[in-house]
Every structure is written in structure tokens, then in C-alpha cells.
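Undergrad: Quick one: structure below, then a few questions.
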Amino acid sequence: MGIQGGSVLFGLLLVLAVFCHSGHSLQCYNCPNPTTDCKTAINCSSGFDTCLIARAGLQVYNQCWKFANCNFNDISTLLKESELQYFCCKKDLCNFNEQLENGGTSLSEKTVVLLVTLLLAAAWCLHP
């Protein structure tokens, strides 16, 4: 494949990446006070790209979160809890109690589709 074919492939991958971006804000369950059964859904503000559910003993926190802060140290510091389980996800209303119990998943379907597309494109480029 020549330079022109590589440019076309890059352009197609760029278009795919743009279309994979949903264009709407993420919806998460969000309860200002810890509860065991949060049913309040909100549209997350700009910059909050992840839903969080965290459990510290009997306290369960559901809220919009920043993926960059989805680690034990940041979560425990911001929630002021020293021991907790947590789960971050990037799909609408994905932060419900069963996610902590089942272990959940961390990759969205869009992410998987994009990764598979990139792998297939790379394999196609490397094929003689």
C-alpha cells in the first residue's frame, strides 16, 4: 500500500473515531448523600466523563466522576473513606449496585469496536 492508501486509511480511522464520540453528556446515577439504592439519574457536567459507584462498608456512593481520578487514592481521598470498593464505567447509567457485586466491565462497546477496527487496520497495513 502506498502513501495515498495510508492517508485514506488514516482518514477513515479519524472519521470512525469522531463518530464513536456520542456527542451527548454521560448520564450517571447520582445521589449527594451515600445510599444503598440510588435511583436519581443526572446528565454529567462537562469534564465528568465517567460514572462511579463506590462502597465503603454500608455507604454506597453513586456519582459522575473524572476517569483520570478513577483510582483508589483519589477516590478514597475525595470521599474521605479509607477502605472501599469502586467501579468506574463510561456508559449511561452503568453505576448501579450490581456492578460492584459482579465485578462489572470497564470497556464500553464503542471502545471495543474502535480497538478492533484499529487492530484490523494495522493488520491490513502490515500484510504484504
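Glycine is treated like the rest: Cβ placed from N, Cα and C.
These numbers come from a predicted model, not from an experiment.
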Undergrad: Can you tell which of C20, C38, C51 is bonded to C28 by a disulfide, based on Swiss-Prot?
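TA: Matching partner in the record: C51.
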Undergrad: Looking only at the domain 'UPAR/Ly6' (26-108), how are its residues distributed among DSSP helix, strand and coil?
TA: 17 helix, 25 strand, 41 coil
Undergrad: Could you tell me the C-alpha distance between C31 (disulfide bond) and C64 (disulfide bond) in angstrom, no decimals?
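TA: With distance taken Cα to Cα, C64 (disulfide bond) is 10 Å from C31 (disulfide bond).
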Undergrad: Do you know offhand how many angstrom separate C38 (disulfide bond) and C64 (disulfide bond) by C-alpha?
TA: 13
